Amino acid sequence: MWIKELELKHYRNYDQLLASFSSGLNVFIGNNAQGKTNFLEAIYFLSLTRSQRTRADKELIHFDHSTVSLTGKIQRISGTVDLEINLSDKGRVTKINALKQAKLSDYIGTMMVVLFAPEDLQLVKGAPSLRRKFIDIDLGQIKPVYLSELSHYNHVLKQRNSYLKSAQQIDAAFLAVLDEQLASYGARVMEHRIDFINALEKEANTHHQAISNGLESLSLSYQSSVVFDKKTNIYQQFLHQLEKNHQKDFFRKNTSVGPHRDDLAFYINGMNANFASQGQHRSLILSLKMAEVSLMKALTGDNPILLLDDVMSELDNTRQTKLLETVIKENVQTFITTTSLDHLSQLPEGIRIFHVTKGTVQIDSDIH
């Protein structure tokens, strides 16, 4: 899939903008604080109904307006789709082909994106919540039903934690009802995650071996707070551990086990990647991003859109080459932001150049 056209109204520093794109590489050049990242953020927001930079929708609204509108024309294998998101003080409205979508899971996945930004280099050593978010964003696009099950899980988790904080003593019967619901939704969330990580590991290892010239293997491990011996009995084991932890959870006023506490670990040649070099970290993250692209295509039959936000300068020529080879081979529409073309020595022919200045975007040329 690829985005043919994007229209922004009152989005950050873009008052009015209409732009059309190449189905291949699109490069946005401009000084810092001109709106390059805002532009990629808008594509990300149109895909996932959320910003990668802020949770406050009001920050997305142009300073002298009260509403935001984003519309995009998406070319999928199945045909052209029109997406629209409107933000106001009354909330947000999402539409597909002018039809309002009642559920997030009905909208997300229509336009898939993979974002590679400098912050992703913290994925290995950062907080576990970053890695859970990484899993959730990819899975939500590949399997929209996952978002529904995760939402149900989080709702019951909130109920259980609220009860634990307010109760003077344990009502075993009431807690048993919440435990059963939490274990049911949580088991399905974990099953989806495990399947995803197993599939991602195969793709990521293939890319990592290519980047390292066969010298390094990459493996991933889903680190669950629920102890289980096989995937088919997660529900029973989760339920048992919830019941076993009643007193501990009551004392701590929160739920001590479940997918909300799970993590993801990375290993290079069997060694924990926390101890890897900076170069190995870059290769690992690059391998993951390329694996996201190839896995989404394998599981959905369509390519995602790749957003590279000021990361090419973080990669040496070898890693740039590997990334762009994958983009060209997989025929992935790609958006690159940069302050200069000087360090983009490996750009292929056929790219479209845009200049970004103070919230305006001007097409430079198509290079053949």
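Each position is counted from 1, following the chain as shown.
Glycine too: its Cβ is placed from the backbone N, Cα and C atoms.
Listed in Swiss-Prot for this protein:
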- GLY30, ASN31, ASN32, ALA33, GLN34, GLY35, LYS36, THR37: ATP binding site (BINDING)
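Around GLN34 (ATP binding site), taking its Cβ as the centre, 21 other Cβ atoms fall within 10 Å, counting all chains. Neighbour density at the Cβ, taken as the number of other Cβ atoms within 10 Å, is lowest among the binding-site residues GLY30, ASN32, GLY35, LYS36, THR37 for ASN32. Counted within 10 Å of its Cβ, the other Cβ atoms near ASN31 (ATP binding site) come to 11, all protein chains included. The DSSP secondary structure for THR37 (ATP binding site) is helix.
The residues near the ATP site, meaning same-chain residues not in GLY30, ASN31, ASN32, ALA33, GLN34, GLY35, LYS36, THR37 whose C-beta sits within 8 angstroms of the mean position of the site's C-beta atoms, are ASN38, THR337, THR339, VAL356, in sequence order. In the three-state DSSP classification, ASN31 (ATP binding site) falls within coil.
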